[in-house]
Amino acid sequence: MEDINKWLLSSYLNESVNHDFAIRRYCPARMEQDKEGVVFDDTELCSSDASTPCLASSEVDDFVDSFINMDQYEKADEGHQEKHQTLGHCMVMNNDDADADADEHSSMNGVFGYLPTTMEDSELEMYENLTMLEEEVATMSDSFGTLPEFVHCGKEANLGVQQGLELVHMLLACAEAVGCRDNHQAELLINRIFALASPSGDALQRVSYCFATGLKCRFSKGTSMDITLINRENKLEAFHLLYQTTPYIAFGFMAANEAIFQASQGKNSIHIVDLGMENTLQWSSLIRAFASRPEGPPMVRITGLTHNEEDTSKLQTSMNVLVNEASSLGIHLEFFTISELASSSLLTVEKLNLRKGEALFVNSILQLHKYVKESRGNLKEILLSVKKLGPTAFTVVEQDTNHNGPFFLGRFLESLHYYSAIFDSLEACMPRNSQHRMKIERLHFAEEILNIVACEGSERTERHERVDQWRRQLGRAGFQVMPLKCTSQVRMMLSVYDCDGYTLSSEKGNLLLGWKGRPVMMSSAWQVASA
C-alpha cells in the first residue's frame with residue numbers, strides 16, 4: 001500500500017498529526033472527562049452494553065499503524081528467515097521443499113494449468129476509457145441502488161497523509177459509537193466519513209466506503225444499499241471476474257483438485273460431493289487431469305448441493321458443456337444436483353446415492369464458514385456427518401481470517417484489516433479505472449463486508465475463521481490433515497499474474513495464499529483419522 005505507507009512515514013515526521021485515539025477526539029463524553037482531569041478507563045465506555053467492550057487507546061494506535069503499514073507482516077517474520085525462502089512472487093516454508101521437488105515429477109505433468117480455464121484475452125481487457133466506465137457506473141446504479149457521482153480518479157484523488165489517518169480514526173470511532181449504541185455520535189461521524197470515502201477513490205477510500213455503508217446499515221436498522229437487487233447474475237459475474245483476474249479463487253480450485261487427483265490414484269470410480277455448487281469453474285481442469293492418467297481415466301460422478309431450484313436450472317447449461325468435454329476426452333461423467341443445503345439429514349449414503357466401490361470425495365469451497373453459528377453445534381453436525389460417510393479426502397478452502405469473534409468491535413477491526421489487504425491487492429494489479437475491479441469490489445467483497453458489519457444472529461453468514469481454528473474443529477470431528485503437495489504449481493500460477501505482493505506459505509500441511517504476508521485464503525485436505 002504505497003500511499004498508505006507514505007501516510008505512516010509522514011505521520012512520524014510530522015508532529016501536527018494527532019495520534020490520539022479517535023473516540024477521544026470525537027466523543028463528547030471523553031472530551032469532557034479529559035477537561036475535568038479524570039482518568040478515563042477505555043474499557044468502561046460501553047458499560048451500557050457489556051457484550052461490546054471498547055478498545056484501549058494503545059490497542060487502536062497499534063491497529064492504525066499495522067493497518068496503514070502492511071509491510072509490518074513481512075518484517076515480523078525477519079527473525080525466522082532461516083525457515084523461509086523467497087521464491088519470486090511467493091514465500092514457501094522450507095519443510096515443503098521436498099514436496100516441491102516431488103511436485104516437479106508429479107504425474108500431473110502440467111495438466112493443471114495455472115491460468116483459470118475460462119480466461120480469455122477479451123475478458124481480461126482493462127478499459128482505459130473513462131467515458132465507458134461512467135456508463136458502467138450508471139448501469140450498476142440501476143442494478144443495486146444509487147452510487148455517488150462518478151469521480152475521475154487520478155493521483156489527485158488520493159488522500160493525503162493527514163486525511164488518510166483522519167479517515168481510519170473516524171472509522172474506528174464510528175465503529176465504537178455503533179457498538180456502544182450511540183447513534184447520534186455515529187450519525188455525525190458517518191457523514192464525515194462519507195465526505196472522505198469514495199467507491200471510486202484509492203484503496204483506502206474504497207474499503208472505507210464499504211465499511212461505512214455497513215456501519216450505517218447497522219445503526220439505522222435498515223439497508224442503505226439494497227442488497228436484494230444484487231441478483232444472482234451480478235454475483236456470478238463478479239465471482240467470475242475475481243477468478244479470472246486474481247489468484248484467490250484459482251488457488252483454492254487448484255489445491256483442492258490436486259488433492260483429489262493424488263488421492264484418486266488407482267481408483268476406477270470417483271464420486272465428488274460438492275457442499276455448495278454455484279458454478280462449474282473448478283471441474284474442467286480436474287477432468288483433463290483424469291484424462292491424462294497413465295492407467296486411464298476413472299468413471300466420475302459429481303453431486304452438487306445448491307441453494308434452490310433456480311440455481312439448479314441455471315447450472316444445467318454449464319454442466320452439459322462439461323459432460324460433453326469429458327466425453328470428448330473418453331471420460332464417463334455424470335452430474336447430479338440436489339436443491340438443498342448441507343445438513344446431517346442430507347449427508348447420508350441414501351440421500352447422496354453413494355455406491356459401493358466408488359471413492360468418495362467431499363469438496364467445500366468457501367462454504368463451511370456459513371455453517372458456523374454462535375454455538376458451533378451446526379458445524380459440528382456437518383463435520384460429523386461428512387466423517388460418517390468415510391470420504392477418501394475432504395477438501396476445504398476458506399478465507400483465512402477471524403470474523404466470528406464474540407464482540408462487534410473486534411470483528412470490525414479484523415475485517416477492516418483483512419479487506420484493506422484485498423483492496424490493496426486489487427489496486428496493485430488492476431488500473432484505478434478498471435470496470436472489472438469495480439464490479440469485484442462492489443458486487444462481491446462489499447456484500448461480504450456488509451454482512452460482517454451490519455448483520456447479527458442467523459443473518460450473519462460470513463463467519464470466517466483462521467486456519468488454526470479450522471484445524472481444531474476438524475480435528476475434534478475426527479479428521480487429520482493430508483499435507484498438500486502442489487507448491488510448485490501454485491508458484492507457477494502466481495508468476496503468471498505478474499504482480500508483486502502475493503505470498504505463499506505452508507502451515508502444518510495447509511497452504512496459505514496472502515498479500516504482502518497477510519494471509520487471505522487457506523486451502524487444505526483432510527482424511528478420517530485412523531483409530
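Placed from the backbone N, Cα and C atoms, the Cβ positions cover glycine too.
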TrEMBL annotation of motif 'VHIID' - which of the ranges 260-264, 270-274, 345-349 it falls on: 270-274
Which listed span TrEMBL calls motif 'LxCxE motif', if the choices are 172-176, 192-196, 207-211, 247-251: 172-176
Rounded mean pLDDT for the residues that make up the motif 'VHIID' (270-274): 98
Residue distribution over DSSP helix, strand and coil in the motif 'VHIID' (270-274): 0 helix, 5 strand, 0 coil
